[in-house]
Amino acid sequence: MLFNEFCKIIEKIENTPKRLEKIDYFVEIIDFVKNHGKPENLKEICQVSIGRVFAEYENREIGIGPNLLIEAIKTTGISENDLNLKIKETGDIGISVEHLSSKIKQISLFNEPLTFEEVYSTIKKLSTIEGTSSQKKKIRIISNLLIIANPIESRYISRLILEDMRIGMNIPTILAAFSNYFGIEKEKIEKVYAVTNDIGLIGKKLLENSNFEEDPELNLTVFRPIKPMLAQLTPSIEEAVIEMKNPQFETKYDGARVQVHKSNGEVKIYSRRLEDITNSVPELVLEIKNLEVDNVILEGECVAMNLENGKPRPFQDILRRFRRKYDIDKMTEEVSLRIYFFDILYHNKGLIDLPLFERRNILENIFGTNNWDLELKKIENEIKSNKMLFTSFKVSSTDLKIAKEFFKWSLSIGHEGIMVKNLNAIYTPGSRVKTMCKIKQTLENLDVVVTRAKIGMGKRKDWYGSYEISVKGDDESLHVIGNVGSGLTEEDLEKLTKIANEIKIEDLGGEVILEPKIVLEVTYEEIQTSEKYEMGYALRFPRVVGIREDKSINDINSLDDVKKIYEIERKRK
């Protein structure tokens, strides 16, 4: 497939704001590939259309920011001054290169047209270049590609290198196109995506005319992590009991969600962003290897522990462990970790369609029980032990008095609150479900994404000192909810400034517009209505709790979350 043909279709997708038209244009791509390409092309096109070169679970990125791309563009014959002026005018490196493409020095008039496979494989190769002179090699590869490209191709090559296609395509839109073209119920395709986390693989398999629902590659598989099921926020235990009908209460741990995969003695541990953190937590890996059970996918919360008092250490200690690449043994001695497992998703076969009470029974056959109402003495002894692997503390009851006592106890041992789960519920990957909710004593912190940064004043004059923060809407749009600068140390500011300079899209002089990649966890005094922002709400006195490197834009809170927290707090007042 010629890359120019692909570009012409995705330009139509980019130019229409209407979702149904985007679906129709993507159907056009599927049909073109079916008649003129091969299934592997559709796999790659699906990834490229959502601004990714690799599947999300592969935990790989091209790793090239705007600054390095600009350096490469300058070697093609476009002057730095012209490029900067055009970027300031358009706010888009891709369109800027397209507009200035007449200034690119062409190698030859007799170049063969670029194919999609050629562009994709070349850009994919960029992620493998490491070591000395790696930047020079990357610049040379990008430059050679742009010199061969025609104007529209240069736009999308530049964007793909940044893994930001800006055409308004997302997973649900592609799944809808699959449903339309192949005549398969959208719900069935959505379920397959939930257990594969690989939109490209689904497209490839559909074109291969495989038995879609029976194909083993499209089932839940060990070492291919899936997105976690997410909980709703509920204002009170009373409402949770009514909502859940058949409730199980579990401690809500002050930790980080992890997914543990084990098969044939090999163990991998993934963060909630599906990042492979196995090498950072060797002591946990060894404990899991020693378990008799094999061929499993387990889900739990990883907690940094103070073993002297049995209480959790600050959340940032977990991130320090997850990020550590060197001196891991030393860090293992400094920060003790344990995992509280609360679900099992796979044991020789997928278990996510089983009700929670059955999955919990299977889990407890591996790790033992931790029934708070029956085994409190054992639990309190184990909390202060060196044991690393537990089942989550739980109590199954509709008795409000017991539930409230369990909530207070969970807070007393240093954790955030409780989870309330419907024992009859199945596991739905990647969805925020009504069959699971969380109850916390304090205001729910928000995970937000940084969309702009401003140069600071006084002691902060050398860094970006203030950050515009946003939450997501239903259509994946971003809504500004405030600006934050408090809570950040000098070390944080230095780190954020470095990242911001790597991902800035436009420099406005003292302020930069950023790719939405930095996730912050913020606390605040309250959520208030506000005419200042389009969404109608603003955070009063926001303060940064932490830089959430374990989360992506997919994990940030939504406008609906903000509305719900606002209503909960209004009722409490």
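Backbone N, Cα and C atoms are what each Cβ position is placed from, and that goes for glycine too.
Of the residues proposed, Glu250, Glu266, the one Swiss-Prot records at the same ATP site as Arg257, Arg272, Glu301, Phe342, Arg432, Lys438 is Glu250. In this entry, ATP is bound by Glu250, Arg257, Arg272, Glu301, Phe342, Arg432, Lys438, whose most widely separated C-alpha atoms sit 19 angstrom apart. Fewest other C-beta atoms within 10 angstroms, among the recorded positions Lys252, Arg257, Arg432, Lys438, are seen around Arg432. Taking Cβ-Cβ distances under 8 Å and a sequence gap of 6 or more within the same chain, the neighbours of Phe342 (ATP binding site) are Glu250, Glu299, Gly300, Glu301, Leu363, Thr391, Ser392, Lys394, Met419.
A gap of 16 Å separates the Cα atoms of Lys252 (active site, N6-AMP-lysine intermediate) and Arg432 (ATP binding site).
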